[in-house]
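Here's the structure we're looking at; comments come further down.
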């Protein structure tokens with residue numbers, strides 16, 4: 001037989017084997033899709049019940065349902081791994097197997113998996129039930145929503161904002177710190193068992209594509225694309241930052257540096273994530289009609305249901321479907337009035353089996369009007385790919401899912417659209433000034449959040465990678481916040497805090513880079529859909545509502561779910577395979593030009609050395625080695641605790657004896673910052689019940705002077721080795737370490753010898769005087785041979801005498 005015959009026979013056998021494997025895999029996946037849908041639905045319903053009614057019983061039910069789903073998924077994942085991907089030709093079957101072969105948390109031991117679930121549930125509960133109390137009225141303790149968020153959205157009181165900001169982090173962040181440390185370790189273990197470098201790498205895997213024709217995409221490429229696009233966005237952000245800083249100086253004139261970073265608690269919400277609420281303080285042309293339509297919504301008696309009905313109308317106008325009847329019956333669109341504790345953070349839910357819901361404590365504001373469009377965009381995506389197999393019912397990548405609703409928000413926010421739904425007067429006319437007002441409001445929400453998002457996720461990636469040891473989490477967090485975002489902490493935070501976890505997405509285990517990529521994608525999508533809708537004019541004026549052609553193109557992409565690479569899905573709509581920041585920059589170009597003119601005489605950028613508390617801080621330098629030599633001890637957390645306690649003692653003494661006031665200062669009232677390895681740091685003091693009430697530096701200095709020796713003694717140091725810069729040394733004797741016995745004995749003996757020598761000298765002088773009185777007039781030196789050069793030791797120059805002391 002010829003060689004070609006055997007080659008043909010081998011190929012036929014290989015094809016038959018592949019066909020057999022593929023058919024078996026197809027049958028396996030069909031069974032999985034049927035069984036998974038029911039178990040997943042039960043788990044999702046239990047999770048919904050817990051999030052809308054936080055009780056121990058609902059937590060127990062959620063954990064039990066989740067455990068059943070996880071056990072089933074783990075079993076099916078192991079079975080999926082028996083099908084070699086190399087023998088699968090059908091792309092859809094292959095993508096499903098690839099997804100199912102990722103074991104997720106099921107690779108952990110039963111004990112560790114249970115512990116991880118316990119940690120995640122605990123973090124969610126702490127976040128949802130945490131409160132901060134008003135220092136001026138300790139009985140007034142507020143949840144985040146509603147309560148603290150109202151202060152952070154509306155208050156112009158610097159101190160009120162500060163206690164709310166600090167109280168939330170002290171209450172929630174500190175509780176979450178030990179849990180988050182465990183979470184990082186367990187998630188990293190899970191990721192590495194799934195063949196990823198760490199959990200950040202695992203998250204980035206959502207963007208990875210292995211495809212032909214140039215549609216592949218790597219996890220490392222995501223990092224590079226984010227870095228590159230951020231560099232392009234940075235000039236626009238820096239000018240927005242400079243403009244906002246100048247406006248904040250008008251509201252808080254003594255609290256803002258002309259060249260410094262922005263205090264984190266002044267930026268419109270609890271995290272400084274969105275600057276939207278700064279618009280009333282920063283509006284360029286205040287005499288123009290207000291494009292924030294919150295007042296109009298209130299005056300027209302809008303409620304939560306009206307807000308979501310208007311969002312639904314928008315989607316329907318472009319040819320997308322209505323919400324289901326179950327959506328309106330089962331969603332939680334307002335905070336319950338029956339006393340239930342709930343997770344208020346807005347989320348869209350695809351529970352499975354055609355059950356779609358939104359959970360949101362909606363308020364009648366323009367911001368929530370746009371948020372409703374965003375959340376309903378998620379539901380539209382969920383409904384569009386519902387016909388896909390279970391494992392492909394997801395966004396092309398996580399950023400796509402976030403972008404869909406944002407596309408609609410771009411149109412819904414335009415003055416033209418707001419006029420059509422009666423929230424702006426028909427007489428409202430657009431000119432250059434109203435255009436700048438509109439673009440600034442958009443930039444506060446969209447541009448202002450990009451560095452926040454980029455920096456937060458970069459920090460987490462570094463933490464998961466081990467590039468930031470847990471002993472430096474907060475130090476690096478605020479270093480990066482100052483350097484990248486131009487935002488500074490209003491009070492210093494040590495390593496007992498966990499500020500990142502004070503954000504919902506961090507406490508609840510969400511990847512966050514999706515909010516960065518979605519912003520880039522949404523402008524790419526908007527530009528493409530506006531072209532399809534035949535929009536003419538600047539991109540920021542485009543409203544795609546009522547364009548069924550644009551809706552049809554969008555729906556084609558949404559219905560793909562995860563069945564094709566996101567690079568291919570993106571290309572089908574926008575004509576490009578990767579992120580491109582140009583449409584975003586084009587959208588804001590008129591504003592960028594205006595900002596550069598406004599900032600012509602202002603400093604653009606920020607000085608990272610400035611701190612809001614610098615003026616009242618005292619610098620400390622400690623020299624252990626020079627003071628104690630080989631007996632120097634290590635400066636550690638315990639020593640810092642002792643220092644803070646010593647200052648608290650000094651403050652108590654000062655207020656008691658000088659002001660006749662009993663103030664219970666404790667170590668937590670002493671705030672330390674900028675600790676350096678060579679032992680230098682700054683500190684300031686606040687009153688015991690109010691972090692926003694800083695004690696003047698001069699009074700702290702007086703308190704230190706009163707208790708200087710007590711402070712020195714606590715550390716076995718003196719004024720020169722425990723130095724408070726700006727406070728002159730006292731006249732108290734320096735601390736001396738104990739002297740050993742042999743030195744004491746030696747000193748006594750040598751002292752006796754010296755006394756003896758002195759007595760001999762004195763005795764000799766007396767005898768000589770007697771001889772002088774009794775002698776004749778002869779030359780007293782006649783008997784002395786001067787050539788011998790003898791010296792009387794009693795008359796030697798003091799500098800020539802050497803001792804062993």
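Using the three backbone atoms N, Cα and C, a Cβ is placed for every residue, glycine included.
Residues or ranges marked as active site, proton acceptor by Swiss-Prot: 375. Annotation comment: Swiss-Prot describes 505 as active site, proton donor, evidence class sequence analysis. Residues or ranges marked as Zn(2+) binding site by Swiss-Prot on the basis of experimental evidence: 374, 378, 402. Taken from Swiss-Prot, the feature disulfide bond covers 133-141, 344-361, 530-542. Annotation comment: Swiss-Prot describes 30-41, 90-93, 353-357 as region 'Interaction with SARS S protein'. What Swiss-Prot lists as motif 'PTB' is 792-795, and the listing cites similarity to another entry. What Swiss-Prot lists as topological domain 'Extracellular' is 18-740, and the listing cites sequence analysis.
Shown on the structure are the features that Swiss-Prot records.
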residue: 133; record: disulfide bond; DSSP class: strand
residue: 141; record: disulfide bond; DSSP class: strand
residue: 344; record: disulfide bond; DSSP class: coil
residue: 361; record: disulfide bond; DSSP class: coil
residue: 374; record: Zn(2+) binding site; DSSP class: helix
residue: 402; record: Zn(2+) binding site; DSSP class: helix
residue: 505; record: active site, proton donor; DSSP class: helix
residue: 530; record: disulfide bond; DSSP class: helix
residue: 542; record: disulfide bond; DSSP class: coil
One of the recorded positions 133, 374, 375, 378, 530 has its Cα closest to the Cα of residue 361 (disulfide bond), namely 375
Residues lining the Zn(2+) site besides 374, 378, 402 (CB within 8 A of their CB center) are 348, 375, 377, 401, 403, 404, 405, 406, 518
Taking DSSP helix as H, G and I and strand as E and B, the region 'Interaction with SARS S protein' (90-93) has 3 helix, 0 strand, 1 coil
Contact set of the region 'Interaction with SARS S protein' (90-93) with the rest of its chain, CB cutoff 8 A exclusive, min separation 6+ beyond the ends, reads 22, 25-26, 29, 389, 392, 563-564
Running the disulfide-bonded residues 133, 141, 344, 530, 542 through a 10 angstrom C-alpha radius around residue 378 (Zn(2+) binding site) leaves none
Cβ proximity for residue 133 (disulfide bond), under 8 A, sequence spacing 6+, ordered by residue number, returns 139, 140, 141, 142, 167
If you count the other CB atoms within 10 A of the CB of residue 361 (disulfide bond), including all protein chains displayed, you should get 19
With the cut-off at Cβ under 8 Å and a gap of six or more residues from its ends, the chain residues touching the region 'Interaction with SARS S protein' (30-41) are 68-69, 72-73, 76, 100, 351-353, 355, 389-391
The recorded positions listed are 374, 375, 402, 505; by CA-CA distance, the one closest to residue 542 (disulfide bond) is 374
Across the region 'Interaction with SARS S protein' (30-41), DSSP labelling yields 12 helix, 0 strand, 0 coil
Note: in the chain of residue 505 (active site, proton donor), residues six or more apart in sequence with C-beta under 8 angstroms of its C-beta are 512
